[in-house]
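Taken verbatim from Swiss-Prot:
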type	residues	note
DOMAIN	95-154	domain 'CBS 1'
DOMAIN	155-215	domain 'CBS 2'
BINDING	ASP249, GLY299, ILE300, GLY301	NAD(+) binding site
BINDING	GLY301, GLY303, CYS306, GLU468, SER469, HIS470	K(+) binding site
BINDING	SER304, ASP339, GLY340, GLY341, GLY362, SER363, TYR386, ARG387, GLY388, MET389, GLY390, GLU414	IMP binding site
ACT_SITE	CYS306	active site, thioimidate intermediate
ACT_SITE	ARG402	active site, proton acceptor
Amino acid sequence: MWENKFQKEGLTFDDVLLVPAKSEVLPRDVSVKTKLTETLQLNIPIISAGMDTVTEAKMAIAIAREGGLGIIHKNMSVEEQAEQVDRVKRSESGVITNPFFLTPDRQVFDAEHLMGKYRISGVPIVDEDQKLVGILTNRDLRFIEDYSTLIDDVMTKENLVTAPVGTTLKEAEEILQKHKIEKLPLVDESGTLKGLITIKDIEKVIEFPNSAKDSQGRLIVGAAVGVSADTDVRVAALVEAGVDVIVIDTAHGHSKGVLEKVKAIREQYPDLTIIAGNVATAEATRDLIEAGANVVKVGIGPGSICTTRIVAGIGVPQITAVYDCANEARKHGVPIIADGGIKYSGDIVKALAAGGHAVMLGSLLAGVSESPGEREIFQGRQFKVYRGMGSLGAMEKGSKDRYFQENNQKLVPEGIEGRIPYKGPLHDTIHQLVGGIRAGMGYCGTKTIDELRENTQFIRITGAGLRESHPHDVQITKEAPNYTL
């Protein structure tokens, strides 16, 4: 150990470039799909970080519609996090198999509350045997002033249009158009409510053809958990809400508590997709895989708001960390996620080529309108608040267990709080990032991300090479949408 105290040199994104290769591939022809598990496939290799200024339900919905995956952060109560997951799963669906419903003896107030909370325009009404007896929509409530009125007095009861279980979206669309309605309840032979198809869901399928969805046609979503006292309860609530993947998210994934928690969750939920991290070595990757992780998340200290490497003196430069972990993970057929340090779309290409199956982004997404960070004005420009989960504010709110700390009065932060420029809708940012990925794959002559990972080579560059890579000897007069200094 002592003789090998100083290991190899560590490299990060600015230390390397990919070598261009002979190519018969155009950027528009490449596939940016990536497979994390048999049941979890992304249409773009981008995951939004489980940070309290990056991902809540609004972001998770938006990025899933783009083809990626959002991880709901854990700085909230168990009930609130489960509700956020439920909101994503209910945001759109080919067929809603467990629609909300009310009974005729409930009040209009209850319907208004339910419809407002989940932003839905109507709700089926069933009797005590779950048989459909009516439907209540915004039109029925438009002129109601007394919210204590019973639903039975205002709902539509006559000439209900329904369809049998098994009706396809195409068939449902024809029925909806024919009868000029927006909601189509699905019932069995006895009239029991079994599902719901809405015109909005059909429109969303057309509007967002690249959406990442589960086997039931619902958007996919993940959620972060730690190794705190409420982890078991939190995981149970998230699974009940329909979460697609659990991220066991800690600053040091190669610790006894994390390994034991991964093993315990795997034993409790054999079919649950588990992403575990963060790690930066091959040994840590192997131990997490053996404990039961389906996917390993790599990155200790590379994030723009992370100070772990400065405060604790710990870390491995990200390109080296990704490569080392991927070298081990490929022996087990397990994918890895490169988490942190990515500033440009070119860094995503490098992370994937170094061994990543997907990347997790924080700062590149925190400035979009769908992120939960507060918007503020500074020196005449719009910004959004962005902070590390190791910052004082985030740790005081609930993420201190991620850094294995307990005392709120004596926290030692490993992150900072700041602001980043406001970027507008997520779609515009994703368009630029995916466009950069496609361009990089075209230069390398690789049609798929698997080929990018297997058939590319890096070249190390000097400081002069890095300066040459950026715009130089010119004053930028118009900011590009995908490049800032």
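Any Cβ shown, glycine's included, is placed from N, Cα and C.
Features recorded in Swiss-Prot, as mapped to the structure shown.
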residue	record	DSSP (3 states)
ASP249	NAD(+) binding site	strand
GLY299	NAD(+) binding site	coil
SER304	IMP binding site	coil
GLY362	IMP binding site	coil
GLY390	IMP binding site	coil
SER469	K(+) binding site	helix
List which of the binding-site residues CYS306, GLY362, TYR386, GLY388, SER469, HIS470 have their Cα within 10 Å of the Cα of GLY299 (NAD(+) binding site), in sequence order.
none
Cα within 10 Å of GLY390 (IMP binding site) - qualifying binding-site residues among ASP249, ILE300, CYS306:
CYS306
Would you mind splitting the domain 'CBS 2' (155-215) into helix, strand and coil residue counts from DSSP?
20 helix, 16 strand, 25 coil
Tell me the Cβ contacts of SER469 (K(+) binding site) under 8 Å, same chain only and six or more apart in sequence, or just say none.
LEU17, ILE461
Among GLY301, SER304, GLY388, which are recorded as binding-site residues, the nearest neighbour of HIS470 (K(+) binding site) by Cα:
SER304
Hey, what's the Cβ neighbour count for GLY362 (IMP binding site) at 10 Å?
27
Extent of the NAD(+) binding site in Å [max Cα distance among ASP249, GLY299, ILE300, GLY301]:
14
Please report the distance from the Cα of TYR386 (IMP binding site) to the Cα of ASP249 (NAD(+) binding site), rounded to the nearest angstrom.
18
Can you give me the Cα-Cα distance between GLY388 (IMP binding site) and CYS306 (K(+) binding site) in Å, rounded to a whole number?
6
Measuring Cα to Cα, how many angstrom lie between GLY303 (K(+) binding site) and GLY362 (IMP binding site)?
8
Across the whole of the domain 'CBS 1' (95-154), what does the mean pLDDT come to? Round it, please.
86
Validating a neighbour-count step here. Other CB atoms within 10 A of the CB of CYS306 (K(+) binding site): how many?
24
Ten-angstrom check, please: count other Cβ atoms within 10 Å of the Cβ of GLY303 (K(+) binding site), all chains counted.
26
